[in-house]
Amino acid sequence: MAALHSFIPQPPSNALPRLWTFHGGIHVPDEKSLSNAQAIEPAPLPARLVIPLQQHIGAPARVLVQVGDRVLKGQMIAEPSGFISAPVHASSSGRIIAIEPHPIPHPSGLSALCAVIETDGEDVWAELPPPLTDYPQRYPHDIRERIRWAGVVGMGGASFPTSVKLDPGADRPIHTLIINGVECEPYITCDDRLMRERAGHILAGVRIMHHLLGVERVLIGIEDNKPEAIARMRLALAETDLHACTQVVPIPTLYPSGGEKQLIRILTGREVPSGGLPAQLGIVCQNIGTAAAVADAVLEGRPLISRIVTVTGRAIAAPRNLEVRIGTPVSELIAHCGGYLEPPHKLICGGPMMGFALTHLETPITKPTNCVLALTEAESPDPGPALACIRCGRCAEVCPAKLLPQQLYWHARAKDLDRVQDYNLFDCIECGCCAQVCPSHIPLVQYYRYAKTEVWAREQEKRKSEQARARHAARQARLERQEQEKQARLRKQKEAVKSPQ
Amino acid sequence: MKTIISSPHVPRVNRVDRIMLDVLLALVPGMLAMTWFFGWGLLINLVLAVTFAVVAEAAVMLARGRSPLIAIGDLSAVVTAVLFAISVPPMLPWWLTLLGMVFAIVLVKQLYGGMGYNPFNPAMAAYVFLLISYPIAMTTWLAPGMLAEHSFTFMESLRLILDGTLPAGLDWDAISSATPLDEMRGKLDLHLTIDEIRHSPLWGYVGGRGWEWIAFWFLAGGIYLLWRRTITWHIPVSMLLALAICSGIFWSLDPQTHPFPAFHLFSGAAILGAFFIATDPVTACTTRQGQLIFGAIIGITVFAIRTWGGYPDAVAFAVLLMNIAAPTIDYYTQPRVFGHGREHR
Ligand code: SF4
Ligand code: SF4
């Protein structure tokens, strides 16, 4: 831990920090010009909103409403059920017409419990809590409670409850807050637009997080293919009292620089330990969109009920950046963007590198959904049949986790679950670099995801059988005890019978 | 909408057949040089070997109930055939080429599971198999063009390869010639000094006349592959460097009984082996550190066999030997995974 703080005394803040590199990574055509000139505009209010009751990592939220209830915009319809949990709010006013399983954006194409709201078109707000503009005078606990109430989760994809991340505990001092404005996935421009148009608001959120964490410095990392966002953020920064401890740091464009571990490495040279958290290094990382949502919650008392979504791809008539109510079906957004120019070859939720195919057009937008991508066949051709691995090592060369993807593949294919873990399967961030360069067109990431689920399933099995064994042992013990007690009773009775003689 | 296809959803940037095509392209200058110095034999062998290899590959795929098109389309059998044709003497009888290709494709490659699964480099395994079984035929080289008494026409070459008939008035003694490595080794064994040995029209600037130019053009092809990033520098550089250092040490100790490093580099299959054979990804090491070790031991082995072993050239033996060791080397040279162990800051 001593070494950890050795670099903290910072040079004057206008000197940019030294940048580090991570192993591998790839250059992919960024395709951002399809949508990055489109200013954020509100998406229309849909007739129905399908709001998943769990949009975060952690314990599911508890439903607070019933079918037939009338709800107002911003009203909490599900409350958190544990420390690591987040509430869900209605994103417009209307009536709950169903609470039922519905397809949600998930790699597995799963369905999950959703509240379906028939909107009334009036969009009336519920009564909102007062703004906490005087937050520096308030208890950190109250500010965090507000963020928690607002249902703010990581908007960069991880969807971990933000209030928890902003509460690392007294024994774990945080010295650096990293704001992720990298947006390294091709096509996606929502964070870019947000930075260009609402830099001041983002920084207001950053200031709140800075206050809560008590950090010494804030680093805002932005890929250098977004010069305007960098300029806007710098301009806005100069107007705040944050500029003494905060820097906007342009970083070279290289996928996946926006991965949390990669960004931390680039900006600080530190590696998050395998299986560990950035907080172990005294670092917390938050996304641009999350910062804006924190500002909404604290300064305006508004819950997280909408987000910016990029709707793009060459199959879309008019790609746009839309401010979308959580729960809006994907089909509405596509229609709002002029529909398709040609039937899309693939419809994807998220970016082309890590996103997953949407199987259902009525899938709703959730808090971590940053992009809806309709790709033509030319943009996303099917790779053709996979050939055998020729062990060329191209995958290992680009793997940002420094793994040996070819060996992982080998063992994943053989279903050798011990060996895949020896080769550090769980350090794979599923960035897809390896699959992109593989000359044999092996769907490597698919194998890794599959192997991970297998390992989890096996562990669950093990836990279950251990529990069963424990139950069995407990039962045995109980039976034995009962037997002994019975014997003891019998003996006593016998003795009792004998003794009068 | 289609079935779920896993990310990434961007076009793939590499293809196995393109990589193989690149390798074939890179071999062209060297092959042209060989044809220039040794006549049509190489090209005839090339056509024969490719035909045999492709037919063998297709037959096995059909027998295994798979589509032969994918296996042939990856061009790996063609590369095996071409490397084989380059390695064997230009007037090798056709049935040895047939035997070699059946051995390479059916036994060495397909019996182990086909492309990607074979532990040994098929071309080199076939070469060594024939060298041991038919040592005379496999070591009977022609003299390079400017030194040859007879220059073969296309038809003469064809007849010689197909039914073993020499043109009237010629016998093998008249047309065959030792390779530079043979020559060097033979004369050194007779206790001649290097200066005395090199005092002969057989020698060019650094190696055998003609031979050194062939090596040069293979080197050019190898550099093309590096430039195209089809191969990385690790194996060729470590192998050639090890060969140069070993020979350099002995040469500096006694320059009259040990040839200088450039002779080693530009003779035999050193360059060809370094860029085109040892780099066969299927049978080489796959970690970067492992590749350095893999290449270096091949270089050292080549030098040792050339200097003290029973065969004048040794690239094929050295490569096969290291093929066996590759998985173990890979295992012990895994890179430090991100977030594990000590950070290198
Ligand atoms: S890139 Fe593909 S073919 Fe090459 S080693 Fe990796 S998995 Fe094998
Ligand atoms: S998907 Fe996993 S194995 Fe492949 S490059 Fe990314 S981290 Fe490495």
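Every residue, even glycine, has its Cβ placed from backbone N, Cα and C.
Straight from TrEMBL, the features:
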DOMAIN    A:379-409  domain '4Fe-4S ferredoxin-type'
BINDING   A:Cys389, A:Cys392, A:Cys395, A:Cys438  [4Fe-4S] cluster 1 binding site
BINDING   A:Cys399, A:Cys428, A:Cys431, A:Cys434  [4Fe-4S] cluster 2 binding site
DOMAIN    A:418-448  domain '4Fe-4S ferredoxin-type'
REGION    A:462-501  region 'Disordered'
COMPBIAS  A:477-501  compositional bias 'Basic and acidic residues'
Predicted model, mean pLDDT over the domain '4Fe-4S ferredoxin-type' (A:418-448):
93
As a test of the contact definition, list every same-chain residue at least 6 positions from A:Cys428 ([4Fe-4S] cluster 2 binding site) whose Cβ is closer than 8 Å to its Cβ.
A:Ala401, A:Leu403, A:Pro405, A:Leu408, A:Tyr448, A:Lys452
Chain residues outside the domain '4Fe-4S ferredoxin-type' (A:418-448) and at least six past its termini with a C-beta under 8 angstroms from it:
24-26, 28, 255-256, 259, 261, 274-275, 353-354, 383-390, 392, 394-401, 403-405, 407-409, 411-412, 455
Near ligand 1, meaning Cβ under 6 Å from any of its atoms: which of the binding-site residues A:Cys389, A:Cys399, A:Cys428, A:Cys431, A:Cys438 fit that description?
A:Cys389, A:Cys438
What is the separation, in Å, between the Cα atoms of A:Cys434 ([4Fe-4S] cluster 2 binding site) and A:Cys392 ([4Fe-4S] cluster 1 binding site)?
11
For ligand 2, list the binding-site residues among A:Cys389, A:Cys392, A:Cys399, A:Cys428 whose CB atom is within a distance below 6 Å of it, in sequence order.
A:Cys399, A:Cys428
What Cα-Cα separation, expressed in whole Å, is found between A:Cys399 ([4Fe-4S] cluster 2 binding site) and A:Cys389 ([4Fe-4S] cluster 1 binding site)?
16
Quick one: pull the CA-CA distance for A:Cys438 ([4Fe-4S] cluster 1 binding site) versus A:Cys431 ([4Fe-4S] cluster 2 binding site), whole Å only.
14
Sequence order please: the binding-site residues A:Cys389, A:Cys428, A:Cys438 that have their Cβ under 8 Å from a chain B Cβ, otherwise just none.
A:Cys389, A:Cys438
Across all the protein chains here, work out how many other Cβ atoms are within 10 Å of the Cβ of A:Cys434 ([4Fe-4S] cluster 2 binding site).
30
So if I draw a 10 Å sphere around the Cβ of A:Cys392 ([4Fe-4S] cluster 1 binding site), how many other Cβ atoms end up inside it?
26
Cα distance, A:Cys395 ([4Fe-4S] cluster 1 binding site) to A:Cys431 ([4Fe-4S] cluster 2 binding site), nearest Å?
12
Over all shown protein chains, what is the count of other CB atoms within 10 A of the CB belonging to A:Cys389 ([4Fe-4S] cluster 1 binding site)?
25
